[in-house]
Amino acid sequence: MSILLASAAARRAVPAVAAVHRPLLLSATRTMSSLPAGVQLVAPVPDQAKDIFSRDALQFVATLHRTFNPTRKTLLLKRQLRQQELDAGKLPDFLPETKAIRDDATWRGAKPAPGLVDRRVEITGPVDRKMVINALNAGAATFMADFEDSTAPTWENVALGMVNMRDAIHRQIAFTAPNGKQYKLREDGKVATLLVRPRGWHMDEKHLLIDGEPCSASIFDFALYFYHNAWKSIEIGQGPYFYLPKMESHLEARLWNDIFNQAQDTIGMPRGTIRGTVLIETILAAFEMDEIIYELREHSSGLNCGRWDYIFSYIKKMRAHPQFVLPQRGDVTMTTPFMDAYAANDAAMAKVRADKLREVKAGHDGTWVAHPDLVKLAKAVFDEHMPGPHQMHIRREDVVVSAADLINPAAQGSISEQAIRTNLNVALLYTEAWLRGSGCVPIHNLMEDAATAEISRSQLWQWVRHSVRTAEGTLVTPTYVNALLDDEVAKLAAQYGAKFAQTKIPQAKVFLHAMVQGREFPEFITTMCYDSITSTSKARL
């Protein structure tokens, strides 16, 4: 994935916050002996996280939820209505009602904030303690701690993830592995700037009820992190920085901006201190990129191309139409028209190097890696071709992209039986790991998160729904795919032997079977499987 700090229309300058007067924050109640009215915790809080779930912190979460959750629900309903329009044949296009924003050359996005001026290499990963330390120490400019695709949202993962975020910002994070190996932050202080990726608007946090309904997971993640770390992040020369996932419209960006404003106003922090980098990882957001930056303006820290989720979104949104069927995943590259218009051993390293070279030459300001070993490689490419801290001066006015370009599949490739088996295998293994509480999983020598599983299962659904034929000439039907699924599970059973009974593969198979029949399309694996990883015991406070 690659970073664009500003689009051609991101042009309204706002001074970066260097230092601010710190008024009193909400009183730091450090006991959980009582909860705010209307707030219920329905899972026991780990001992290490008692301070995270203080009464005042939960009141802060509840206030934001009560204020903004009705708008979130309305926007999620708009997603459903838009899908109905897509299914009926109304294809995506640039919005006529926001043309003035796209054409206006006078407004500006925010200047890069402290710690975000040079983002040539970012590392991403889950929020478990060892991974956070390793990522901060890896030599990357920034680290995106991911509560979304890389973290299975078990209550323990989320609660301890918040502890890890607090300890990282306060520079108090350390970890001792079972084998006695110790992990701590670099002594020279050269650690990455931390950005937090809360869960998307579609997710609920069912372990916290507010007025009897689950809290928005997006608001939950944002509010707890902001409450405990906003001022400390300023003290260490950064700021409360976020990655905003899976948005589908500029109205969803407006909601984030409204939340940012209320959060800052509540604690007396100047507006514009928060910054949000938007992940353009849905096909619909690609039609509203200027508008998304416009809505965030003083809080914007640019856009990032989230390619794997983008492919998944393309399949999902265009699912009703056979002309948008894609070939096997390996044939959908960044040179495929809709991907090209929108913008992973030795052979693998060569591919990564070529990938990063294409990004820097296209004018991107930085790139993502998901493993510390790739930081040096990616940094070398950007150091050679990007001598300054960014490339905001490269306007790329030569690039003109039409609505048709953004949805043009035209991918050269085929669909083999092996590709179907690979998608089944990847989706099974990832879902099995997710059900065990792991959201970042090594599969076939690659680190995978939810996006890869989403592409895999959505391709299977699409191929079944539109009755494609394999390269071998076989008609792809539910019966055919179900037989291959049974066979792949049998192979895994033989591979695991006696340990198979301790895996979640049978449960993963049930979920995957339901997702690939070509009938109803489950919106996200994570929402479909979420109830299987929630805790059911009510917290005793």
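Glycine is treated like the rest: Cβ placed from N, Cα and C.
As recorded in TrEMBL:
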{"type": "ACT_SITE", "residues": "Arg197", "note": "active site, proton acceptor"}
{"type": "ACT_SITE", "residues": "Asp449", "note": "active site, proton donor"}
{"type": "DOMAIN", "residues": "38-99", "note": "domain 'Malate synthase N-terminal'"}
{"type": "DOMAIN", "residues": "193-344", "note": "domain 'Malate synthase TIM barrel'"}
{"type": "DOMAIN", "residues": "416-533", "note": "domain 'Malate synthase C-terminal'"}
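Recorded residues Arg197 (active site, proton acceptor) and Asp449 (active site, proton donor) have their alpha carbons 14 Å apart, per Cα-Cα distance.
Residues of the domain 'Malate synthase C-terminal' (416-533) grouped by DSSP class, helix first, strand second and coil last, total 80 helix, 8 strand, 30 coil.
There are 24 other CB atoms within 10 A of the CB of the residue listed as 'active site, proton donor', with all protein chains counted. Within 10 Å of the C-beta of Arg197 (active site, proton acceptor) we count 22 further C-beta atoms, all protein chains included. Computed over the domain 'Malate synthase C-terminal' (416-533), the whole-number mean pLDDT of the model equals 96.
As a summary of secondary structure, the domain 'Malate synthase N-terminal' (38-99) carries 40 helix, 3 strand, 19 coil according to DSSP.
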